[in-house]
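S.K.: Dropping the structure in here first, questions after.
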Amino acid sequence: MAYGEDGHRGVHTIPEGKSLAVFICWLLGNGCLFGYNSMLTMEDYFVHLFPSYHPVRVITLTYQPFVLVIAAVFAYHEAKVNTRVRNLVGYSLFFLSSLALIILDLATSGRGGIAAFIGVCTVVSVFGVAEGHVEGAMTGDLSLMCPEFIQSFSAGMAASGAITSALRLVTKAAFEKSRDGLRRGAMLFFAASCVFEVLCLVLYAHVFPKLPIVKFYRAKAASEGSLTVAADLAAAGLQRHPKLSAEDDPAIPERLSNKQLLMLNMDYALDMFLIYLLTLSIFPGFLAEDLESHSLGSWYALVLIATYNSSDLVGRYVPLMESVKVTSRRRLLAMVLARYLLLPAFYCAARYGGESWTIVLVSALGLSNGYLTVCVLTEAPKPYKGPEKNALGNLLVFCLLAGICLGAVLDWLWLIGKGW
């Protein structure tokens, strides 16, 4: 396969490897949240170990500030950051954190207590640092490629929740009547997370950068002045002379600054913030602790979490049908704002409705979350060059994480307001 002097093929040549690249993006998105979702899905185990500490809420609230701070630092400096190193560090931390949970449980023999809880929170903070490395880096990197890649990565993130929920239902059914069943299920989850993160490391380091279509898009971005793809191009065997800026090479148009990109895409940024502010105000804390069941017993919280995760996954595939994908910026913002009608709906369901109404609302919450996320992430980067797409991807992820963090705080304040 011949590449031109600028490192990419002629405009009439269709790069190969798209289907495999889409699948790897899905796996990498899965790995970005598999460990953390395993902890959330095992909420009944942590509630059993730490009944006095509200572990689901504390885990969420501990996790989010670390993600937000790391993502903010990288969003500010994204133009000079080695994306390859950033992702490899992130996936390595995911693996080490999952391994640390196993070691911690073995060291404490599955007993609770404040020391063990502090250890769990410490591991959660490392998970947060890892996601702060990976989510923005992968979103920015894939934004400069075809929209199917970012859609698949986003779907993979949702799939991690659906997969862990399905596995949790299976392990609960298998181990519910056995002695130490909760602990066995937890160890199975954390071991699976370790294996999966190693797989993601290998795929990202040795397979993904060598796919022809990936080399094509990264070489194109490099020709437009992007420095963030240099290490991945080198790993793929494409050595390039870096073009530092428009001043060094007049053929490269000067890119928009992060501030200019943010101002031009303020509606998209607001979309991402508001989508996840609402979602985290409700999920997982409100669903995990504040709704009592009259018939499903201890299965109720698991069913709600599984319902949300599966509907979120479905929602991220709906935009693949162009006929139902919203591309209008005004319509997207209107749909994001209309989604806040779910707040009074959840309140009424919790106060007056039954389990079935709550499950329906959880489905709507997840479906709308996934659908709107993919619509924004695939539409926003389209008008821009490679370096600007990478920067915008990082900025949108920061806004997403800011919404998650504030939503988790509001959920905590709601708990305090109840008298905890």
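Backbone N, Cα and C atoms are what each Cβ position is placed from, and that goes for glycine too.
I grabbed these lines from TrEMBL:
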- 20-36: transmembrane segment (TRANSMEM)
- 56-76: transmembrane segment (TRANSMEM)
- 88-107: transmembrane segment (TRANSMEM)
- 113-130: transmembrane segment (TRANSMEM)
- 142-167: transmembrane segment (TRANSMEM)
- 187-208: transmembrane segment (TRANSMEM)
- 268-287: transmembrane segment (TRANSMEM)
- 299-320: transmembrane segment (TRANSMEM)
- 332-353: transmembrane segment (TRANSMEM)
- 359-380: transmembrane segment (TRANSMEM)
- 392-415: transmembrane segment (TRANSMEM)
S.K.: Hey, does the transmembrane segment (142-167) touch the transmembrane segment (359-380), meaning at least 3 C-beta pairs closer than 8 angstroms, sequence gap 6 or more?
M.R.: yes
S.K.: Would you mind listing the long-range same-chain contacts of the transmembrane segment (392-415), meaning Cβ under 8 Å and 6+ residues beyond its ends?
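M.R.: That would be 54, 57, 60-61, 64-65, 67-68, 71-72, 74-75, 78, 132, 135-137, 139-144, 150, 258, 261-262, 265, 268-270, 272-282, 285-286, 289, 373, 376-377, 380-381, 384.
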S.K.: Counting CB pairs under 8 Å, which listed stretch among 88-107, 187-208, 299-320 touches the transmembrane segment (20-36) the most?
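M.R.: Against the transmembrane segment (20-36), the leading stretch is 187-208.
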S.K.: Given the transmembrane segment (142-167), which of the listed stretches 88-107, 113-130, 299-320 has the most Cβ pairs that are under 8 Å apart from it?
M.R.: 299-320
S.K.: Mind checking which residues reach the transmembrane segment (56-76)? Cβ under 8 Å, same chain, six or more beyond either end.
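M.R.: Answer is 36, 39-40, 43, 46-47, 86, 117, 120-121, 124-129, 131-133, 135-137, 258, 280, 284-285, 288-289, 391, 394-395, 397-398, 401-402, 404-405, 408-409, 411-412, 415.
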